[in-house]
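What TrEMBL says about this protein:
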- C171-C180: disulfide bond (DISULFID)
- 141-181: domain 'EGF-like' (DOMAIN)
- 292-333: domain 'EGF-like' (DOMAIN)
- 1-28: signal peptide (SIGNAL)
Amino acid sequence: MLLTGSMLRLIRLLSCLTLVLFLQVCYAKKDSKTSCYTCKQITENFNKGFERTAKQNFGGGNTAWEERTLSKYETSEIRLMEIIEDLCDSSSFDCNHMLEEHEDKFETWWFKKKTKHPDLHKWFCIESIKVCCPKGTFGPDCNACVGGSENPCHGNGQCDGTRGGTGKCSCDNGYKGEFCLDCRDGYFNEVRNETFSLCTECHSSCKTCSGATNQDCDECKEGWEEDDQEAYVDECSKDPSPCNEDQFCINTDGSYSCKTCDRVCSGCTGAGADKCKACASGYQEAEGSCTDIDECSQSESVCTKEHQECVNTKGSYVCICLPGYEEKDDECVQIPQPGELIDRKFKVC
Ligand SMILES: *[C@@H]1O[C@H](CO)[C@@H](O)[C@H](O)[C@H]1NC(C)=O
């Protein structure tokens, strides 16, 4: 298709229009962001100028003429003009533009509104030309920031406020999330409910943590590793125990070992007769320790056969034949005297 001259002109015109629209959008965006700042500067400079001119045209004397002149000057158009003259730096386009556009508003305020609305920033920037919003609010309608205008970002961040703002929070150090209630890595929630959060820094060895000490690390920071002591403490207190029933567990460097319980114990928590869980059979608990039961001195005799006596041993007892007797066929029988043997021999031979 051939492009005619008029079509080319049309295309050029459309491109220009698009560019103009684009620039306008950009300017509007920049405008809403900066005009509140510009307005603030103007009102701050106004207040400074107001103070500066307070003593002007006052000779320091105290004549009636001076008093009268001064009180006239205080509210005069001359004073207003002197203040306005110094509101903007000559190089600041934004400031001079805003001032030119709204100079009549300063006159209105100066002569009619000052008494009822002494806060110039509030009256001018927020209520009249509507470029700023009250603290803690944002957007074209000055809606409350997250967390409410009294406590924007729940006290843990800065709300992107004023008319051009998005209301988004930039959270302070240690906080994150839309509401600035969550803690960043390296911080933990010391206090938290729906409207309040206090994030405190972890111990320097933790990447993430649930408390303030190095015992509370969820994850170690780079260059740190979990202490083995922690690991082997856990080894011995495991359930079931890593040791046998007649052993106790002790932690060693980086590991654990099992040691046999004292023989007076049936299971134990450590070495010695006083660390028994229960006493082994033949032993009884006495004064916090397991001691031998003397079966021989029990009221009921344990060795019941004739010519037997009882001998106590550690943890048990034995029944042995009395002196002069020996065991034969599960009985204690008299040991034959040497004389008798000879006698018999004689008889046999
Ligand atoms: C949240 O905690 C703060 C500080 O402890 C307290 O002042 C506030 O009343 C609490 N709010 C709720 C809803 O529990």
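Just so you know, glycine gets a Cβ as well, placed from its N, Cα and C.
Below 8 angstroms of C-beta separation, residues 263-264, 280-284 of the same chain, each at least six residues beyond the ends of the domain 'EGF-like' (292-333), sit close to that stretch.
Taking the disulfide-bonded residues C171, C180 in turn, the residue surrounded by the fewest other Cβ atoms inside 10 Å of its Cβ turns out to be C171. Note: the domain 'EGF-like' (141-181) comprises 4 helix, 11 strand, 26 coil (DSSP; helix = H, G, I, strand = E, B).
Model confidence over the domain 'EGF-like' (292-333) is summarised by a mean pLDDT of 88. Broken down by DSSP into helix, strand and coil, the domain 'EGF-like' (292-333) contains 3 helix, 20 strand, 19 coil.
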